[in-house]
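Here is the structure we will look at.
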Amino acid sequence: MTSSTELTLLIIYAVAFYVFIIHRSLQISRDHYTKVYGLRPGWIFHRLNDVSDAQWRNFRGNLTILTLVFGIFTLVATSCRKYGLKAKGMSVIWLMVSLAYLSYLHGACILYILSIASANFLLVKICGKTKFVFLLWIFNITFLICNRIYEGYPFSLFGRNWAYLDNYRGTFRWHICFNFVILRMISFGYDYHWADYSNRFDKEKHIQRCNNCSLGRTCYQLLQERSLENGKFSFTIYLCYLIYAPLYIAGPIVSFNAFVSQLDTPQKTHSLKQVVWYGLRWIFSLMLMESMTHFFYYNAFAISGTWKYLSPLDIFIIGYGVLNFMWLKFFLLWRYFRFWSLINGIEAPENMPSCINNCYNLESFWRNWHASFNKWLVRYMYIPLGGTRMKLLNVWVIFTFVAVWHDLEWKLLSWAWLTCIFFIPEMIVKSTTNTLKVESSVGKFLYRELSAVAGAITITCLMVANLVGFVIGSSGLKWLLSQFLQKEGLPILGGMFITFYVGTKLMFHISDAKHKRIHNR
(Lines of atoms letter the chains of each structure in order from A and count residues from 1; the text may use other names and numbers.)
(Lines give C-alpha, C1' and ligand atoms only; values in the text may rest on other atoms or scores of the structure.)
Protein backbone atom coordinates (compact mmCIF):
# COMPACT_ATOMS: atom_id res chain seq x y z
CA MET A 1 0.00 0.00 0.00
CA THR A 2 1.38 3.41 -0.96
CA SER A 3 1.73 6.22 1.54
CA SER A 4 -0.93 8.36 -0.20
CA THR A 5 -3.45 5.47 -0.21
CA GLU A 6 -2.82 4.81 3.48
CA LEU A 7 -3.28 8.51 4.25
CA THR A 8 -6.59 8.58 2.36
CA LEU A 9 -7.93 5.58 4.28
CA LEU A 10 -6.78 7.06 7.59
CA ILE A 11 -8.55 10.36 6.85
CA ILE A 12 -11.77 8.54 5.90
CA TYR A 13 -11.66 6.60 9.18
CA ALA A 14 -10.96 9.77 11.19
CA VAL A 15 -13.83 11.68 9.56
CA ALA A 16 -16.21 8.75 10.17
CA PHE A 17 -15.06 8.54 13.81
CA TYR A 18 -15.69 12.22 14.53
CA VAL A 19 -19.05 12.24 12.73
CA PHE A 20 -20.11 9.34 14.94
CA ILE A 21 -18.73 10.96 18.12
CA ILE A 22 -20.54 14.24 17.39
CA HIS A 23 -23.83 12.46 16.55
CA ARG A 24 -23.71 10.26 19.65
CA SER A 25 -22.67 13.17 21.90
CA LEU A 26 -25.70 15.16 20.76
CA GLN A 27 -27.92 12.16 21.51
CA ILE A 28 -26.49 11.66 25.01
CA SER A 29 -26.80 15.36 25.87
CA ARG A 30 -30.40 15.48 24.58
CA ASP A 31 -31.53 12.30 26.35
CA HIS A 32 -29.94 12.87 29.77
CA TYR A 33 -29.66 16.64 30.28
CA THR A 34 -32.29 16.58 33.05
CA LYS A 35 -30.09 14.24 35.13
CA VAL A 36 -27.01 16.47 35.27
CA TYR A 37 -26.30 19.72 37.08
CA GLY A 38 -24.26 22.75 36.13
CA LEU A 39 -26.40 23.71 33.12
CA ARG A 40 -27.58 27.31 32.75
CA PRO A 41 -29.71 29.09 30.10
CA GLY A 42 -27.48 29.77 27.10
CA TRP A 43 -27.50 32.20 24.19
CA ILE A 44 -27.18 29.79 21.24
CA PHE A 45 -30.57 28.67 19.92
CA HIS A 46 -32.00 28.90 23.48
CA ARG A 47 -30.02 25.81 24.47
CA LEU A 48 -28.70 25.15 27.97
CA ASN A 49 -25.02 25.94 28.50
CA ASP A 50 -22.63 23.68 30.45
CA VAL A 51 -20.91 25.91 33.02
CA SER A 52 -20.34 23.11 35.54
CA ASP A 53 -16.57 23.72 35.57
CA ALA A 54 -15.90 26.37 38.24
CA GLN A 55 -12.67 27.61 36.67
CA TRP A 56 -14.25 28.14 33.26
CA ARG A 57 -17.40 29.65 34.81
CA ASN A 58 -15.37 32.22 36.77
CA PHE A 59 -13.18 33.15 33.80
CA ARG A 60 -16.14 33.45 31.44
CA GLY A 61 -18.12 35.49 33.97
CA ASN A 62 -15.25 37.93 34.58
CA LEU A 63 -14.04 38.22 30.99
CA THR A 64 -15.45 41.72 30.53
CA ILE A 65 -13.84 43.20 33.63
CA LEU A 66 -10.54 41.40 32.92
CA THR A 67 -10.46 42.88 29.43
CA LEU A 68 -11.19 46.35 30.83
CA VAL A 69 -8.42 46.03 33.45
CA PHE A 70 -5.83 44.82 30.93
CA GLY A 71 -6.91 47.49 28.45
CA ILE A 72 -6.16 50.18 31.06
CA PHE A 73 -2.91 48.40 31.98
CA THR A 74 -1.84 48.39 28.32
CA LEU A 75 -2.77 52.05 27.82
CA VAL A 76 -0.68 53.10 30.84
CA ALA A 77 2.28 50.91 29.85
CA THR A 78 2.29 52.06 26.22
CA SER A 79 2.11 55.73 27.24
CA CYS A 80 5.04 55.32 29.65
CA ARG A 81 7.21 53.49 27.11
CA LYS A 82 6.83 56.47 24.75
CA TYR A 83 8.67 58.59 27.33
CA GLY A 84 11.66 56.25 27.10
CA LEU A 85 11.27 54.47 30.44
CA LYS A 86 13.60 51.48 30.80
CA ALA A 87 13.75 48.54 33.22
CA LYS A 88 13.62 50.41 36.53
CA GLY A 89 11.04 52.97 35.40
CA MET A 90 8.78 50.42 33.69
CA SER A 91 8.94 48.09 36.68
CA VAL A 92 7.71 50.92 38.96
CA ILE A 93 4.80 51.74 36.63
CA TRP A 94 3.79 48.09 36.18
CA LEU A 95 4.20 47.46 39.90
CA MET A 96 1.82 50.28 40.81
CA VAL A 97 -0.85 49.15 38.33
CA SER A 98 -0.42 45.49 39.34
CA LEU A 99 -0.76 46.34 43.04
CA ALA A 100 -4.05 48.08 42.31
CA TYR A 101 -5.18 45.00 40.38
CA LEU A 102 -4.17 42.67 43.26
CA SER A 103 -5.97 44.90 45.77
CA TYR A 104 -9.19 44.31 43.82
CA LEU A 105 -8.54 40.56 43.55
CA HIS A 106 -7.38 39.81 47.08
CA GLY A 107 -8.25 42.81 49.26
CA ALA A 108 -6.41 42.74 52.60
CA CYS A 109 -4.80 39.39 51.69
CA ILE A 110 -2.29 41.33 49.61
CA LEU A 111 -0.45 41.67 52.94
CA TYR A 112 0.28 37.92 52.89
CA ILE A 113 1.66 38.11 49.34
CA LEU A 114 3.93 41.07 50.08
CA SER A 115 5.15 39.57 53.37
CA ILE A 116 6.09 36.17 51.93
CA ALA A 117 7.62 37.78 48.83
CA SER A 118 9.73 40.12 51.00
CA ALA A 119 10.95 37.23 53.15
CA ASN A 120 11.88 35.28 50.01
CA PHE A 121 13.80 38.28 48.62
CA LEU A 122 15.76 38.59 51.86
CA LEU A 123 16.53 34.85 51.83
CA VAL A 124 17.80 35.06 48.23
CA LYS A 125 20.07 38.00 49.02
CA ILE A 126 21.52 36.16 52.04
CA CYS A 127 21.86 32.65 50.61
CA GLY A 128 21.62 33.14 46.85
CA LYS A 129 25.36 33.22 46.21
CA THR A 130 26.19 30.44 48.69
CA LYS A 131 25.91 26.66 48.81
CA PHE A 132 22.80 27.11 51.01
CA VAL A 133 20.66 28.22 48.06
CA PHE A 134 18.70 24.96 48.51
CA LEU A 135 17.01 26.67 51.50
CA LEU A 136 14.99 28.52 48.87
CA TRP A 137 13.25 25.25 47.96
CA ILE A 138 12.49 24.43 51.60
CA PHE A 139 11.08 27.92 52.18
CA ASN A 140 8.81 27.88 49.12
CA ILE A 141 7.57 24.29 49.42
CA THR A 142 6.74 24.97 53.09
CA PHE A 143 4.54 27.90 52.11
CA LEU A 144 3.09 25.97 49.16
CA ILE A 145 1.81 23.32 51.58
CA CYS A 146 0.87 25.61 54.48
CA ASN A 147 -1.09 27.97 52.22
CA ARG A 148 -3.35 25.05 51.29
CA ILE A 149 -3.61 23.51 54.76
CA TYR A 150 -4.65 26.81 56.35
CA GLU A 151 -6.74 27.90 53.32
CA GLY A 152 -4.98 31.23 52.95
CA TYR A 153 -4.69 31.94 56.71
CA PRO A 154 -7.80 33.60 58.19
CA PHE A 155 -6.77 36.86 59.87
CA SER A 156 -8.56 35.62 62.98
CA LEU A 157 -5.61 33.22 63.47
CA PHE A 158 -3.56 36.22 64.61
CA GLY A 159 -6.05 37.41 67.19
CA ARG A 160 -9.40 39.16 67.46
CA ASN A 161 -7.89 42.55 66.61
CA TRP A 162 -7.14 41.27 63.10
CA ALA A 163 -10.35 39.31 62.54
CA TYR A 164 -12.19 42.25 60.90
CA LEU A 165 -9.84 41.96 57.89
CA ASP A 166 -11.52 38.66 57.00
CA ASN A 167 -14.39 40.79 55.70
CA TYR A 168 -12.05 42.29 53.10
CA ARG A 169 -10.47 39.25 51.46
CA GLY A 170 -11.28 40.36 47.89
CA THR A 171 -12.99 38.46 45.10
CA PHE A 172 -10.38 35.75 44.42
CA ARG A 173 -8.56 33.39 46.80
CA TRP A 174 -4.97 34.62 46.99
CA HIS A 175 -3.39 31.27 47.83
CA ILE A 176 -4.62 29.76 44.54
CA CYS A 177 -2.77 32.39 42.46
CA PHE A 178 0.22 32.20 44.80
CA ASN A 179 1.24 28.83 43.35
CA PHE A 180 2.48 30.72 40.29
CA VAL A 181 4.18 33.31 42.49
CA ILE A 182 6.12 30.50 44.18
CA LEU A 183 7.50 29.39 40.80
CA ARG A 184 8.57 32.97 40.11
CA MET A 185 10.23 33.32 43.52
CA ILE A 186 12.29 30.17 42.87
CA SER A 187 13.14 31.45 39.38
CA PHE A 188 14.36 34.76 40.81
CA GLY A 189 16.51 32.99 43.40
CA TYR A 190 18.21 30.60 41.03
CA ASP A 191 18.70 33.14 38.23
CA TYR A 192 20.40 35.31 40.85
CA HIS A 193 22.48 32.30 41.95
CA TRP A 194 23.55 31.55 38.35
CA ALA A 195 24.14 35.20 37.36
CA ASP A 196 27.93 34.85 37.68
CA TYR A 197 28.08 31.64 35.60
CA SER A 198 27.95 33.10 32.09
CA ASN A 199 29.84 30.08 30.67
CA ARG A 200 26.80 27.86 31.24
CA PHE A 201 25.35 28.95 27.88
CA ASP A 202 27.15 29.13 24.52
CA LYS A 203 25.48 32.17 22.95
CA GLU A 204 27.33 32.05 19.62
CA LYS A 205 26.55 28.39 19.00
CA HIS A 206 22.90 28.96 19.91
CA ILE A 207 22.53 31.88 17.45
CA GLN A 208 23.92 29.72 14.64
CA ARG A 209 21.44 26.90 15.35
CA CYS A 210 18.31 28.89 16.26
CA ASN A 211 15.98 29.88 13.39
CA ASN A 212 14.77 33.04 15.18
CA CYS A 213 18.14 34.27 16.42
CA SER A 214 19.87 33.62 13.07
CA LEU A 215 17.36 36.04 11.48
CA GLY A 216 18.23 38.81 13.93
CA ARG A 217 15.33 38.19 16.32
CA THR A 218 15.71 37.11 19.95
CA CYS A 219 14.18 33.80 20.99
CA TYR A 220 12.91 32.97 24.47
CA GLN A 221 15.83 30.67 25.30
CA LEU A 222 18.36 33.41 24.60
CA LEU A 223 16.39 35.82 26.80
CA GLN A 224 16.30 33.21 29.57
CA GLU A 225 19.96 32.22 29.44
CA ARG A 226 21.59 35.65 29.20
CA SER A 227 23.16 36.86 32.43
CA LEU A 228 21.91 40.03 34.09
CA GLU A 229 23.90 42.59 36.02
CA ASN A 230 23.30 42.72 39.78
CA GLY A 231 21.36 45.99 39.50
CA LYS A 232 18.52 44.14 37.75
CA PHE A 233 17.97 41.97 40.85
CA SER A 234 16.42 44.87 42.79
CA PHE A 235 13.38 44.58 45.04
CA THR A 236 11.22 46.76 42.75
CA ILE A 237 11.92 44.71 39.62
CA TYR A 238 11.56 41.47 41.61
CA LEU A 239 8.14 42.46 42.96
CA CYS A 240 7.03 43.66 39.53
CA TYR A 241 8.00 40.25 38.10
CA LEU A 242 6.06 38.36 40.79
CA ILE A 243 2.78 40.21 40.32
CA TYR A 244 2.96 41.38 36.67
CA ALA A 245 -0.78 41.67 36.01
CA PRO A 246 -1.24 39.96 32.59
CA LEU A 247 0.50 36.76 33.75
CA TYR A 248 -0.39 36.85 37.45
CA ILE A 249 -3.52 34.67 37.61
CA ALA A 250 -2.60 31.73 35.37
CA GLY A 251 0.67 32.38 33.56
CA PRO A 252 2.17 31.33 31.19
CA ILE A 253 5.27 31.03 33.35
CA VAL A 254 8.22 33.17 32.31
CA SER A 255 11.65 33.06 33.97
CA PHE A 256 13.06 36.11 35.78
CA ASN A 257 15.88 36.53 33.27
CA ALA A 258 13.52 36.44 30.29
CA PHE A 259 11.08 38.89 31.92
CA VAL A 260 13.70 41.47 32.88
CA SER A 261 15.44 41.22 29.50
CA GLN A 262 12.23 42.54 27.91
CA LEU A 263 11.77 45.50 30.26
CA ASP A 264 14.38 47.56 28.40
CA THR A 265 13.50 46.32 24.91
CA PRO A 266 9.96 45.00 24.27
CA GLN A 267 9.66 41.69 22.41
CA LYS A 268 10.15 41.90 18.63
CA THR A 269 9.59 38.25 17.78
CA HIS A 270 5.91 38.93 17.02
CA SER A 271 4.85 41.87 14.85
CA LEU A 272 1.71 43.90 15.56
CA LYS A 273 -0.04 42.11 12.69
CA GLN A 274 0.84 38.71 14.17
CA VAL A 275 -0.38 39.73 17.63
CA VAL A 276 -3.70 40.96 16.18
CA TRP A 277 -4.10 37.69 14.26
CA TYR A 278 -3.30 35.83 17.49
CA GLY A 279 -6.17 37.67 19.19
CA LEU A 280 -8.60 36.94 16.35
CA ARG A 281 -7.74 33.24 16.51
CA TRP A 282 -8.47 33.37 20.23
CA ILE A 283 -11.95 34.81 19.56
CA PHE A 284 -12.61 32.00 17.06
CA SER A 285 -11.52 29.45 19.70
CA LEU A 286 -13.84 31.08 22.24
CA MET A 287 -16.76 30.65 19.83
CA LEU A 288 -15.75 27.01 19.41
CA MET A 289 -15.82 26.55 23.19
CA GLU A 290 -19.23 28.23 23.43
CA SER A 291 -20.57 25.88 20.76
CA MET A 292 -19.09 22.89 22.56
CA THR A 293 -20.62 23.76 25.95
CA HIS A 294 -24.02 24.55 24.43
CA PHE A 295 -24.32 21.28 22.50
CA PHE A 296 -22.18 18.73 24.40
CA TYR A 297 -22.50 18.47 28.18
CA TYR A 298 -19.36 16.38 28.74
CA ASN A 299 -18.16 18.05 31.92
CA ALA A 300 -21.64 18.17 33.47
CA PHE A 301 -21.95 14.39 33.00
CA ALA A 302 -18.58 13.82 34.69
CA ILE A 303 -19.15 16.30 37.55
CA SER A 304 -22.62 14.96 38.37
CA GLY A 305 -21.53 11.30 38.10
CA THR A 306 -24.34 10.53 35.63
CA TRP A 307 -21.93 8.94 33.16
CA LYS A 308 -21.36 6.06 35.60
CA TYR A 309 -24.81 4.71 34.69
CA LEU A 310 -24.27 4.78 30.92
CA SER A 311 -22.90 2.16 28.53
CA PRO A 312 -19.12 1.64 28.06
CA LEU A 313 -19.36 3.34 24.65
CA ASP A 314 -20.95 6.44 26.15
CA ILE A 315 -18.43 6.43 29.02
CA PHE A 316 -15.60 6.48 26.47
CA ILE A 317 -17.24 9.32 24.51
CA ILE A 318 -17.77 11.43 27.64
CA GLY A 319 -14.24 10.71 28.94
CA TYR A 320 -12.77 11.67 25.58
CA GLY A 321 -14.99 14.76 25.47
CA VAL A 322 -14.02 15.87 28.98
CA LEU A 323 -10.31 15.75 28.11
CA ASN A 324 -10.94 17.80 24.95
CA PHE A 325 -12.98 20.27 27.02
CA MET A 326 -10.11 20.58 29.52
CA TRP A 327 -7.62 21.16 26.71
CA LEU A 328 -9.73 23.90 25.10
CA LYS A 329 -10.40 25.53 28.49
CA PHE A 330 -6.72 25.85 29.36
CA PHE A 331 -5.93 26.81 25.75
CA LEU A 332 -8.27 29.80 26.06
CA LEU A 333 -7.12 30.78 29.56
CA TRP A 334 -3.41 30.73 28.80
CA ARG A 335 -3.64 32.36 25.40
CA TYR A 336 -5.85 35.14 26.69
CA PHE A 337 -3.29 36.19 29.31
CA ARG A 338 -0.35 35.65 26.93
CA PHE A 339 -2.08 37.89 24.36
CA TRP A 340 -2.20 40.81 26.83
CA SER A 341 1.40 40.17 27.82
CA LEU A 342 2.51 40.28 24.16
CA ILE A 343 0.69 43.59 23.64
CA ASN A 344 2.65 44.97 26.59
CA GLY A 345 5.96 43.81 25.10
CA ILE A 346 6.61 40.74 27.27
CA GLU A 347 6.79 37.40 25.45
CA ALA A 348 6.02 34.29 27.51
CA PRO A 349 6.35 30.70 26.25
CA GLU A 350 3.31 29.40 24.41
CA ASN A 351 1.36 26.76 26.30
CA MET A 352 -0.30 24.03 24.23
CA PRO A 353 1.51 24.66 20.91
CA SER A 354 0.04 21.36 19.67
CA CYS A 355 -3.51 20.00 19.81
CA ILE A 356 -4.27 17.33 22.41
CA ASN A 357 -5.27 15.02 19.54
CA ASN A 358 -1.83 15.33 17.98
CA CYS A 359 0.28 13.76 20.76
CA TYR A 360 1.09 10.05 20.78
CA ASN A 361 3.82 9.80 23.43
CA LEU A 362 4.05 10.96 27.03
CA GLU A 363 7.13 13.11 26.60
CA SER A 364 5.69 15.20 23.75
CA PHE A 365 2.33 15.43 25.56
CA TRP A 366 3.83 16.98 28.69
CA ARG A 367 6.19 19.15 26.67
CA ASN A 368 3.17 20.59 24.83
CA TRP A 369 0.42 20.68 27.49
CA HIS A 370 1.71 23.18 30.08
CA ALA A 371 4.76 24.02 27.97
CA SER A 372 5.90 27.02 30.01
CA PHE A 373 5.75 24.97 33.22
CA ASN A 374 7.69 22.23 31.45
CA LYS A 375 10.44 24.74 30.54
CA TRP A 376 10.50 25.89 34.17
CA LEU A 377 10.77 22.28 35.43
CA VAL A 378 13.60 21.50 33.00
CA ARG A 379 15.59 24.61 34.00
CA TYR A 380 15.08 24.57 37.77
CA MET A 381 14.56 20.86 38.56
CA TYR A 382 15.38 18.41 35.77
CA ILE A 383 18.87 19.71 34.89
CA PRO A 384 19.95 20.41 38.52
CA LEU A 385 18.79 16.88 39.48
CA GLY A 386 21.10 15.31 36.89
CA GLY A 387 19.23 15.62 33.59
CA THR A 388 19.22 12.57 31.31
CA ARG A 389 21.72 10.72 33.52
CA MET A 390 19.13 10.44 36.31
CA LYS A 391 15.98 10.55 34.18
CA LEU A 392 14.40 7.37 35.53
CA LEU A 393 14.67 8.66 39.11
CA ASN A 394 14.11 12.41 38.84
CA VAL A 395 10.86 11.94 36.91
CA TRP A 396 9.33 10.73 40.22
CA VAL A 397 10.54 13.81 42.10
CA ILE A 398 9.36 16.19 39.38
CA PHE A 399 5.87 14.73 38.93
CA THR A 400 5.35 14.52 42.70
CA PHE A 401 6.22 18.21 42.93
CA VAL A 402 3.85 18.99 40.03
CA ALA A 403 1.02 17.16 41.84
CA VAL A 404 1.63 18.98 45.14
CA TRP A 405 1.97 22.29 43.29
CA HIS A 406 -1.49 21.80 41.76
CA ASP A 407 -3.18 20.86 45.04
CA LEU A 408 -2.91 18.64 48.12
CA GLU A 409 -5.13 15.80 46.89
CA TRP A 410 -4.57 12.06 46.71
CA LYS A 411 -6.06 11.90 43.23
CA LEU A 412 -3.34 14.26 41.96
CA LEU A 413 -0.61 12.18 43.58
CA SER A 414 -2.21 9.11 41.98
CA TRP A 415 -2.14 10.93 38.63
CA ALA A 416 1.54 11.83 39.10
CA TRP A 417 2.65 8.32 40.05
CA LEU A 418 0.53 6.68 37.33
CA THR A 419 2.19 8.99 34.82
CA CYS A 420 5.63 7.97 36.11
CA ILE A 421 4.73 4.28 35.85
CA PHE A 422 3.62 4.82 32.23
CA PHE A 423 6.67 7.01 31.54
CA ILE A 424 9.33 4.47 32.48
CA PRO A 425 8.58 1.84 29.76
CA GLU A 426 8.44 4.62 27.14
CA MET A 427 11.84 5.97 28.21
CA ILE A 428 13.40 2.49 28.17
CA VAL A 429 11.96 1.67 24.72
CA LYS A 430 12.99 5.05 23.32
CA SER A 431 16.52 4.65 24.68
CA THR A 432 16.76 1.17 23.13
CA THR A 433 15.41 2.18 19.71
CA ASN A 434 17.77 5.16 19.54
CA THR A 435 20.70 2.74 19.61
CA LEU A 436 19.25 0.63 16.78
CA LYS A 437 19.48 1.63 13.13
CA VAL A 438 16.83 0.17 10.83
CA GLU A 439 18.02 0.06 7.22
CA SER A 440 15.73 -2.35 5.33
CA SER A 441 12.29 -1.36 4.06
CA VAL A 442 10.73 -4.29 5.96
CA GLY A 443 12.46 -3.19 9.14
CA LYS A 444 11.24 0.39 8.68
CA PHE A 445 7.70 -0.86 8.06
CA LEU A 446 7.74 -3.02 11.21
CA TYR A 447 9.26 -0.20 13.25
CA ARG A 448 6.54 2.21 12.12
CA GLU A 449 3.77 -0.30 12.87
CA LEU A 450 5.15 -1.11 16.32
CA SER A 451 5.48 2.62 17.00
CA ALA A 452 1.80 3.09 16.08
CA VAL A 453 0.81 0.27 18.46
CA ALA A 454 2.94 1.85 21.20
CA GLY A 455 1.28 5.21 20.46
CA ALA A 456 -2.19 3.67 20.87
CA ILE A 457 -1.16 2.19 24.24
CA THR A 458 0.31 5.53 25.35
CA ILE A 459 -2.83 7.49 24.42
CA THR A 460 -4.93 4.99 26.41
CA CYS A 461 -2.61 5.41 29.42
CA LEU A 462 -2.78 9.19 29.11
CA MET A 463 -6.57 9.09 29.12
CA VAL A 464 -6.63 6.90 32.22
CA ALA A 465 -4.04 8.98 34.11
CA ASN A 466 -5.75 12.30 33.37
CA LEU A 467 -9.23 11.04 34.16
CA VAL A 468 -7.92 9.70 37.49
CA GLY A 469 -6.05 12.92 38.28
CA PHE A 470 -8.66 15.50 37.30
CA VAL A 471 -12.06 13.77 37.14
CA ILE A 472 -12.71 10.46 38.93
CA GLY A 473 -9.84 10.24 41.42
CA SER A 474 -7.92 7.12 42.45
CA SER A 475 -11.10 5.59 43.91
CA GLY A 476 -12.75 5.72 40.48
CA LEU A 477 -9.97 3.80 38.73
CA LYS A 478 -11.42 0.43 39.69
CA TRP A 479 -14.84 1.45 38.35
CA LEU A 480 -13.36 2.71 35.08
CA LEU A 481 -11.40 -0.49 34.45
CA SER A 482 -14.38 -2.68 35.36
CA GLN A 483 -16.51 -0.97 32.71
CA PHE A 484 -14.12 -1.88 29.89
CA LEU A 485 -12.95 -5.30 31.10
CA GLN A 486 -16.44 -6.78 31.22
CA LYS A 487 -18.10 -8.59 28.30
CA GLU A 488 -19.94 -5.52 27.04
CA GLY A 489 -16.89 -3.28 27.37
CA LEU A 490 -14.22 -5.41 25.64
CA PRO A 491 -15.43 -4.63 22.07
CA ILE A 492 -15.43 -0.91 22.95
CA LEU A 493 -11.90 -1.25 24.35
CA GLY A 494 -10.81 -2.95 21.12
CA GLY A 495 -12.46 -0.27 18.97
CA MET A 496 -10.88 2.44 21.10
CA PHE A 497 -7.45 0.87 20.66
CA ILE A 498 -7.90 0.61 16.86
CA THR A 499 -9.01 4.25 16.73
CA PHE A 500 -5.94 5.38 18.67
CA TYR A 501 -3.75 3.24 16.38
CA VAL A 502 -5.27 4.96 13.32
CA GLY A 503 -4.87 8.34 15.03
CA THR A 504 -1.20 7.66 15.71
CA LYS A 505 -0.59 6.67 12.07
CA LEU A 506 -2.28 9.90 10.99
CA MET A 507 0.01 11.85 13.35
CA PHE A 508 3.00 10.17 11.68
CA HIS A 509 1.84 11.52 8.32
CA ILE A 510 1.37 15.02 9.77
CA SER A 511 4.87 14.88 11.27
CA ASP A 512 6.35 13.66 7.96
CA ALA A 513 4.65 16.53 6.11
CA LYS A 514 6.07 19.09 8.57
CA HIS A 515 9.60 17.70 8.25
CA LYS A 516 9.30 17.72 4.47
CA ARG A 517 8.13 21.34 4.46
CA ILE A 518 11.01 22.41 6.72
CA HIS A 519 13.51 20.47 4.58
CA ASN A 520 12.26 22.17 1.40
CA ARG A 521 12.71 25.70 2.77
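Each position is counted from 1, following the chain as shown.
Each Cβ is built from the backbone N, Cα and C atoms, and glycine gets one as well.
Please treat TrEMBL annotations as automatic predictions, because they have not gone through curation.
Here is what TrEMBL says about this protein:
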type     : residues : note
TRANSMEM : 7-26     : transmembrane segment
TRANSMEM : 59-80    : transmembrane segment
TRANSMEM : 92-114   : transmembrane segment
TRANSMEM : 134-150  : transmembrane segment
TRANSMEM : 171-190  : transmembrane segment
TRANSMEM : 235-254  : transmembrane segment
TRANSMEM : 275-297  : transmembrane segment
TRANSMEM : 317-337  : transmembrane segment
TRANSMEM : 389-406  : transmembrane segment
TRANSMEM : 412-429  : transmembrane segment
TRANSMEM : 450-472  : transmembrane segment
TRANSMEM : 492-511  : transmembrane segment
Problem - the transmembrane segment (235-254) vs the transmembrane segment (275-297): 3 or more CB pairs under 8 Å - result: no
Problem - Chain residues outside the transmembrane segment (450-472) and at least six past its termini with a C-beta under 8 angstroms from it - result: 302, 319-320, 322-323, 326, 359-362, 365, 403, 411-412, 414-416, 418-419, 422, 426, 429, 479-480, 496-498, 500-501, 503-505, 507-508
Exercise for the section: Determine which residues of the chain contact the transmembrane segment (317-337) at the Cβ level, with the cut-off under 8 Å and only residues 6 or more beyond its ends counted. Expected result: 21, 24-25, 28, 53, 55-56, 59, 66, 246-247, 249-252, 278, 282, 285-286, 288-289, 292-293, 296, 298-299, 301-302, 307, 310, 350-352, 355-357, 369-370, 372, 463, 466-467, 470-471
Problem - Interface present between the transmembrane segment (492-511) and the transmembrane segment (389-406) (three or more C-beta pairs under 8 A) - result: no
Problem - seg_contact(the transmembrane segment (7-26), the transmembrane segment (492-511)) with at least 3 CB pairs under 8 angstroms, min sep 6 - result: yes
Exercise for the section: Please give the sequence-distant neighbours of the transmembrane segment (59-80): residues at least 6 beyond its ends with Cβ less than 8 Å from one of its Cβ atoms. Expected result: 51, 89-90, 93-94, 97-98, 101, 104, 245-246, 332-333, 336, 340, 343-345
Problem - Tertiary contacts of the transmembrane segment (275-297), as residues 6+ beyond its ends and Cβ separation under 8 Å - result: 25-26, 28-29, 33, 36, 39, 42-45, 47-52, 56, 321, 324-325, 328-329, 331-332, 335-336, 339, 342-343
